[in-house]
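For reference, TrEMBL has these:
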DOMAIN    111-244  domain 'Fatty acid hydroxylase'
TRANSMEM  12-44  transmembrane segment
TRANSMEM  65-86  transmembrane segment
TRANSMEM  101-122  transmembrane segment
TRANSMEM  160-182  transmembrane segment
Amino acid sequence: MFIPDVSAPLWFMVTFIVLFTIIVGRYFLVSGLFYLIFYIWFPAKWQQRKISKKEYAPRQLKREISWSMITALIFALTGTLMVLLWQKGYTKIYTDIHEYGWWWLPVSLFISMLLDETYYYWMHRLLHKPAFFKLIHKVHHQSNITSPWTAFSFHPLEGWILSISLPLILMVVPMHPAMILLQLTIMTFSSVVNHLDIEIYPAKFHRHLLGKWLIGATHHSLHHKQFKYNFGLYFTFWDKWKNTESPLLDEAFENATETKTG
């Protein structure tokens, strides 16, 4: 399989353009699909699962998409640099599955997601310090009521902070490209689901053996409203351990998932 030398300016630019196209396409595909299903095609079916009853702010969706395009540029640049680092031997990325065995594929994914969760949680808390919030994180929190398009609506500095997590992990954790792609896919779907503002998980899922450890729309919606709770990305374990999980979570989840009659 031919893989061009990304250190050459032409191939660096080609790789950047390809990655940018993929990232933008993925954003519009996933966010757009969720928006169509839950807000355009079947809104009545999901109306009682809507967490916030207010309408979106004027031009909010357009603003979110605009910021997300800038984020896509940053993600593409970081991705291109990650390919370059791999080619120069600075990462633990490997292409032969038998080098570590099939068992390592899910293990490496799990480890990487735990490290990503840890990085995100503590960076997220840092971004809520007044100086950083006003300068950087305020852009994301302009979406008080979130939408599928909020998923990658970040200030450029926050986009860069988020983008370097995986490259840092790949310098110490051996991962096959298939697992890297899977993690990026999970990250995309997770971010869209968390910002959907419609609770898609079943009733009582927040008390389930598995569900209580997973973040969903209700969990993250409370973060956008309360600011000082619910800082996690995929999982709730850091919020539970550090007592930053909202005390309103149970009530909010039950309100969003209760079956309404009459």
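Cβ atoms are placed via backbone N, Cα and C, with glycine included.
These figures come from a predicted structure and were not determined experimentally.
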Same-chain residues at least 6 beyond the ends of the transmembrane segment (65-86) whose Cβ lies under 8 Å from its Cβ atoms: 6-7, 12, 15-17, 19-20, 23-24, 27, 93, 139, 149, 151-156, 159-160, 163-164, 166-167, 170-171
For the domain 'Fatty acid hydroxylase' (111-244), the mean pLDDT of the predicted model: 97
Composition by DSSP (helix, strand, coil) of residues within the domain 'Fatty acid hydroxylase' (111-244): 87 helix, 4 strand, 43 coil
